[in-house]
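Colleague: The structure follows.
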Amino acid sequence: MSHSVSLTFPDGSVREFAAGTTGRDVAESISKSLAKKAVAIALDGELRDLSDPIADGKIEIVTREDKRALELIRHDAAHVMAEAVQELWPGTQVTIGPVIDNGFYYDFAKNEPFTPDDLPVIEKKMKEIIARNNPFSKEVWSRDKAKEVFAAKGESYKVELVDAIPEGQDLKIYYQGDWFDLCRGPHMASTGQIGTAFKLMKVAGAYWRGDSNNPMLTRIYGTAWHTQEELDQYLHVLAEAEKRDHRRLGREMDLFHFQEEGPGVVFWHGKGWRVFQSLVAYMRRRLEVDYQEVNAPQVLDKSLWETSGHWGWYRDNMFKVTVAGDETDDDRVFALKPMNCPGHIQIFKHGLKSYRELPVRMAEFGAVHRYEPSGALHGLMRVRGFTQDDAHIFCTDEQMAAECLKINDLILSVYEDFGFKEIVVKLSTRPDKRVGSDALWDRAEAVMTDVLNTIEAQSEGRIKTGILPGEGAFYGPKFEYTLKDAIGREWQCGTTQVDFNLPERFGAFYIDKDSEKRQPVMIHRAICGSMERFLGILLENYAGHMPLWISPLQVVVATITSDADDYGREVAARLREAGLTVETDFRNEKINYKIREHSVTKVPVIVVCGKREAEERSVNIRRLGSQAQTAMSLEEAVAALSSEAMAPDLKRKMERSARAA
């Protein structure tokens with residue numbers, strides 16, 4: 001028996017449609033032009049094919065310009081790429097091809113792997129297929145039919161995928177012209193709606209199902225966008241990112257390296273360690289008034305990690321430690337700490353705490369180790385051993401809001417000192433699986449929502465805020481701080497997390513004003529997150545042109561002739577006395593050669609001394625990236641460079657002292 005379908009539109013209006021009505025029918029009932037522009041529908045927020053019969057719910061007609069259409073554009077482009085490959089190289093097997101961040105890929109089984117030279121050929125064929133504007137259509141097949149058809153085509157990987165689909169689940173087959181593939185969908189109306197704003201990016205190897213015991217396939221990555229302008233912008237950012245790649249800069253600037261014997265751990269060179277220590281020193285100064293710096297052990301018995309819960313839910317990411325020698329009675333299992341928090345709770349618990357002592361703020365530049373798959377490692381950005389600028393605040397419920405605001409002020413101030421102006425702060429709320437009562441979460445989320453509103457109001461709109469529903473940790477809600485770099489990329493760095501779990505697990509308490517035991521609120525706080533990763537972000541943000549105060553090498557004194565070497569030594573000594581890191585270059589080379597060489601290693605200031613400068617007791621200053629030279633007296637140069645090389649927090653301190661004098 002037929003019945004009507006009730007649809008609610010974005011403007012709140014409700015209309016009835018006959019059963020069996022499709023999304024395309026609904027679009028046509030509004031206007032022919034809308035139906036022509038439509039690529040899909042969203043029913044209760046879920047994207048569906050235009051050809052799907054509708055059911056009761058909230059409906060939106062999705063056009064190609066809609067942000068949500070980008071996923072469909074990329075999905076359809078992946079299918080067209082697969083069709084192009086099989087047209088060009090018959091017998092090639094198509095395996096899987098998902099949409100990923102900024103693009104898509106497909107894995108292929110081919111006797112001779114693809115090379116980068118094949119990509120333009122595939123792109124040309126893709127444009128031909130798109131120009132055909134074949135409609136996408138969907139069929140539902142039985143498991144047996146799907147296996148029979150794919151087996152007949154020699155698609156053994158597709159047969160395996162069909163076998164993996166649970167019994168009773170529909171097998172959807174999408175056609176574009178005569179070509180078809182197994183796919184969950186949805187797709188747009190036709191291949192022509194993909195457009196031509198796409199590019200195939202690279203070829204890589206990939207094991208079938210990610211298992212090294214399986215055959216190696218060839219993966220082709222691509223990207224697709226709404227418009228050519230968006231594609232061009234994306235490619236520009238990629239080119240900029242490649243120029244700014246911190247791994248390349250690390251080599252050029254002689255900062256660090258990695259090697260096979262220590263996967264995911266950094267070998268810091270002298271200059272790199274200098275800038276790392278400058279960052280630590282800066283962070284340490286920012287904490288010296290409000291925090292006590294502590295140090296928890298690197299290696300702890302697994303029983304502590306069992307109590308914390310890490311051994312149960314994080315063990316696969318932990319490094320287990322046992323005694324190497326056979327001649328020992330100690331058979332206990334230890335682990336390198338992946339996090340500092342359990343150690344800090346032990347320090348808090350050591351001795352009775354009164355409510356009068358709260359908040360207790362502990363900070364540690366703690367070396368932690370976490371296992372990451374080798375394929376996930378990426379320079380300083382993704383490592384196995386790193387340093388956290390970690391802090392934990394133990395406070396009362398009533399102090400939580402003030403502490404979160406205090407943390408926020410510190411985080412924003414630090415980011416501003418490093419030149420990051422565009423910051424987004426988002427509150428992640430309770431997930432489905434969590435510890436703690438609803439009342440506890442209600443209280444924490446209410447407090448943190450008020451804090452979020454205060455952050456936005458105090459910044460007068462400069463700081464953007466938002467909510468991430470259900471994205472909180474299982475132990476409490478959290479703030480996430482995301483900063484935007486010089487080429488528009490976003491980096492999530494800082495966090496403020498409220499924890500109801502660990503204090504309870506470890507039995508941490510303080511004595512309240514009524515002499516009763518109370519569980520403290522524990523707030524986890526990180527600003528840089530990983531110090532190594534933050535340095536990688538800084539290197540890429542500045543393209544190696546680091547601010548003078550955090551530069552690994554601040555000045556090179558280079559002489560034009562040997563007659564100026566003695567004066568050059570005096571200049572270098574004066575600059576070192578003023579606190580700058582200085583090297584000299586008195587080689588018998590032309591000055592332009594020296595300048596070019598030091599520019600490659602991103603030395604921010606080259607102080608040039610010749611015979612005339614020695615006689616006049618002056619210098620010429622050459623800045624990285626500039627052809628101009630600035631002449632000034634030695635005294636002026638020392639004063640100017642020492643002032644510029646002073647860290648922002650020390651400048652503020654000096655200015656406050658001057659005002660108070």
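Glycine is no exception: its Cβ is also placed from the backbone N, Cα and C atoms.
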Colleague: Need a hand: Swiss-Prot gives Cys341, His392 for Zn(2+), which of His226, His236, His524 is also on that list?
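Modeller: According to Swiss-Prot, the candidate sharing the Zn(2+) site with Cys341, His392 is His524.
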Colleague: Looking only at the domain 'TGS' (1-64), what is the mean pLDDT?
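Modeller: Here the mean pLDDT over the domain 'TGS' (1-64) amounts to 91.
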Colleague: Return the residues near His392 (Zn(2+) binding site) by Cβ distance under 8 Å, restricted to its own chain and a separation of at least 6 in sequence.
Modeller: Asn340, Cys341, His344, Ile345, Phe348, Arg361, Met362, Met522, Ile523, His524, Arg525
Colleague: Using a 10 Å radius around its CB, how many other CB atoms surround Cys341 (Zn(2+) binding site)?
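Modeller: Step by step: centre on the Cβ of Cys341 (Zn(2+) binding site), count other Cβ atoms within 10 Å, giving 24.
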